[in-house]
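Asks: TrEMBL lists these features:
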type     : residues                  : note
BINDING  : 195-202, 277-281, 339-342 : GTP binding site
COMPBIAS : 48-67                     : compositional bias 'Low complexity'
DOMAIN   : 360-373                   : domain 'SRP54-type proteins GTP-binding'
REGION   : 30-83                     : region 'Disordered'
TRANSMEM : 6-25                      : transmembrane segment
Amino acid sequence: MENWQLWLVIAAVVLLAAVAGVLVVRSRRAGRAVPPSRQPEAPEAREATPIAEAPTRPEAEAPAPVEAEAEPEPTPAIEVPEPTAGRLVRLRAKLSRSQNVLGRGLLTLLSRDHLDEDAWEEVEELLISADVGLEPTGRIVERLRERTRVLGTRTPEQLRVLLSEELTEALSVDAERSLNVRRDGDRPSVVLVVGVNGAGKTTTCGKIARVLIADGNRVLLGAADTFRAAAADQLETWAQRVGSEVVRGPEGADPASVAFDSVKRGIEAGVDAVLVDTAGRLQNKAGLMDELGKVKRVIEKHGPVDETLLVLDATTGQNGLEQARVFTEVCDVTGVVLTKLDGTAKGGIVIAVQRRLNVPVKLIGLGEGPDDLAPFDVTQFVDALLGDGDAASGGSKSRQPVA
Ligand SMILES: Nc1nc2c(ncn2[C@@H]2O[C@H](COP(=O)(O)OP(=O)(O)OP(=O)(O)O)[C@@H](O)[C@H]2O)c(=O)[nH]1
């Protein structure tokens, strides 16, 4: 090989080596430039907490250990319900805000020196305007007249005791007020929730589910209100919040078939209670009777309905009572849930409902919040109606605070 040829070969080799070097450096830089968000860890971390495995028992509801970089899921978190014991006492402020008109008004009237006819008429008017109803009002006034006459001079404390006793008497019923939600062997208890549109049925189902779950039960919600898809969506949201299963059908499905499937699924899943939400269209009594009758009949293929709760909006007053009576004729109502008592000063409706429908008020709704539902308790209710007694005692709070 000539000398010039040798130099040519060496130059070509050096050039090739230089080009190769540049290419290697470029590809390394490109490798480092992959953004962290495109690394595969993030999706894997998200999959580590599937919603399907979310615990349904309240004691298991403590926040799950945080997975390092997992992004939060958009599903509503399962909430820990407030304990149910003493709910009405805790909600007393909401109740007394609206109900003091009745209690304080009565105390003020009765503490007058001379209880003449005009004064008694005012007492009567106050009771009627608080939706107590004509017949119970007459009875209460008659008894108050008699007892204040015997009493003669009245101290504020005596008046308070007297009124408290009379209201307690008017509100008391012989029937059981607690919900019949005990499992019967391997069959869950079944609660049918009925009432007119907008009374608060779906909300009440969700609130009851929370109460039952707070007490350690497993609950299934059945969306037999197939008339409005939004109603089933609303129930489903409640189910996710409280950690219960939900059974729903397509919009316009036969409510009876959804109710049947709900109880069937409740039995299979071994839950303690199945709450069935229904539609409340009240176009005519025959239609309602057909629909609710069928729902009840198909549920009973699995066993009896343990509770039929009639949800009643307290703000609808005496008119609402007429509609409510239709439901008691159509199905065997075992208890009333009186909602929206926070939004009316007419607490006397509790007395009227029980007298007119002959069904005990079992629960009361005192707001839109998830824990704004309380078991109805006569003593605590009367306490809330009468407030702290300072209207009659001129400001001295002589009573013991509510325990
Ligand atoms: N203030 C107050 N609002 C309540 C109470 N209970 C329910 N509500 C409200 O009443 C409205 C109607 O409640 P729903 O539960 O949708 O009534 P529904 O009977 O299921 O109505 P439909 O699905 O149309 O039959 C909602 O805005 C609730 O938040 C209560 O105790 N107090």
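Including glycine, each Cβ sits where the backbone N, Cα and C put it.
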Asks: Mind giving me a neighbour count for Thr278 (GTP binding site)? Other Cβ atoms within 10 Å of its Cβ, every protein chain shown.
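Replies: Counting Cβ neighbours of Thr278 (GTP binding site) within 10 Å gives 31.
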Asks: In the structure shown, with every protein chain counted, which of the binding-site residues Lys201, Arg281 has the densest set of Cβ atoms within 10 angstroms of its Cβ?
Replies: Lys201
Asks: Let's check the environment of Gly198 (GTP binding site): how many other CB atoms sit within 10 Å of its CB?
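Replies: The answer is 13.
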Asks: Only counting partners 6 or more residues apart, tell me which same-chain residues put their Cβ under 8 Å from the Cβ of Gly195 (GTP binding site).
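Replies: Same-chain residues close to Gly195 (GTP binding site) (Cβ under 8 Å, separated by 6 or more) are Lys201, Gly280, Leu310, Val311, Leu312, Ala324, Phe327, Val337.
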Asks: Where does Thr278 (GTP binding site) sit by DSSP, helix, strand or coil?
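Replies: Thr278 (GTP binding site) sits in a strand per DSSP.
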Asks: Where the criterion is a Cβ under 6 Å from an atom of ligand 1, which of the binding-site residues Gly198, Thr278, Arg281 meet it?
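Replies: Once distances to ligand 1 are taken from each Cβ, Gly198 fall under 6 Å.
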Asks: Do you know the DSSP helix, strand and coil residue counts for the domain 'SRP54-type proteins GTP-binding' (360-373)?
Replies: 0 helix, 6 strand, 8 coil
Asks: By a simple count, how many Cβ atoms lie within 10 Å of the Cβ of Leu341 (GTP binding site), its own Cβ left out?
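Replies: Neighbour count, Cβ to Cβ under the 10 Å cut-off: 29.
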Asks: Kindly assign Leu341 (GTP binding site) to one of the three DSSP-derived states: helix, strand or coil.
Replies: helix
